[in-house]
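Engineer: Below is one structure. I have some questions about it.
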């Protein structure tokens, strides 16, 4: 198998320095070579264990080190998670993502996690989890249970990383991604814009992701959501064009990956989001809440989809059954139905 070309920091920096419209044109051309530009992947995200995380990530309201007013919750029961997954599927979601605020899962938690994955998979949904660091055995057990994707973000460049997190190393994050890949699970990994990093740091983050032995299949690009009580609560706002530029560079560097417009969409107007889609973003989380931070209300997403002529990505299911796709299309048109899914209500 031919190895994908490796990027250099100077090459990535040159992309960031291109005139914005020229950069967007290049990104859109590359995007159209690999994806239908009118199709957007729609996923649902559920926090299955909230708060009391021992890590010191300065952006995160779930850290036990910061007083953010977030109440910690224990790991949800298996049937609770499966009930949420059923509602997500009824609303038309094709991927169900589950997050737990852990440094790493304990061995006692693994049987529950395996049952959750098996149960969600049995519904015909793609599965994704983010649970912190994994060892080889844990990664393999999740793979054997049927986990499709594992999310573990690099957050920022190796050089800036120590300013944001001290309780786990950058190499530990890379090691987890390697274990996930070796277990046969697809990788979801990205970062955050607005931590106080420089453009060179943004280039460094994308360089790390694109130069992995196999680039992530899914690349979430988050805009910092500033939460009172966290050390980054008073950070400067991110310029919209700088964020759009980051999306475009990610698309150019990782042409076959899904680039997810992730946290921070609540802070973006429709024009900014539209330019992100033009820059190559082709995946979003659908629902009012992303773990513990706000996400645009569903009706706003539906209105924006209509204005831009975007559609939920077509679902590949067995025997030509397109019921799941039809459900999502109906939901996008009729947000007042019983199946209309509100992630924040779970």
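Backbone N, Cα and C define each Cβ position, glycine as well.
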Engineer: Determine which of 32, 245, 251, 260 appears in Swiss-Prot for the same [2Fe-2S] cluster site as 97, 128, 188.
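Structural biologist: According to Swiss-Prot, the candidate sharing the [2Fe-2S] cluster site with 97, 128, 188 is 260.
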Engineer: Ten-angstrom check, please: count other Cβ atoms within 10 Å of the Cβ of residue 260 ([2Fe-2S] cluster binding site), all chains counted.
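Structural biologist: For residue 260 ([2Fe-2S] cluster binding site), the 10 Å Cβ neighbour count is 24.
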Engineer: Excluding near sequence neighbours, so keeping only residues 6 or more apart in the same chain, what lies with its CB under 8 A of residue 128 ([2Fe-2S] cluster binding site)?
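Structural biologist: The answer is 43, 95, 96, 97, 98, 147, 148, 149, 150, 151, 188, 218.
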Engineer: Other than 97, 128, 188, 260, which residues of the chain come within 8 Å of the [2Fe-2S] cluster site, judged by Cβ distance to the Cβ centroid of those residues?
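Structural biologist: Output for this site, in sequence order: 43, 45, 95, 130, 149, 151, 218, 220.
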Engineer: Go through 57, 60, 97, 188, the listed binding-site residues, and name the one with the sparsest Cβ surroundings, counting other Cβ atoms within 10 Å.
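Structural biologist: Counting other Cβ atoms within 10 Å of each of the binding-site residues 57, 60, 97, 188 gives the minimum at 57.
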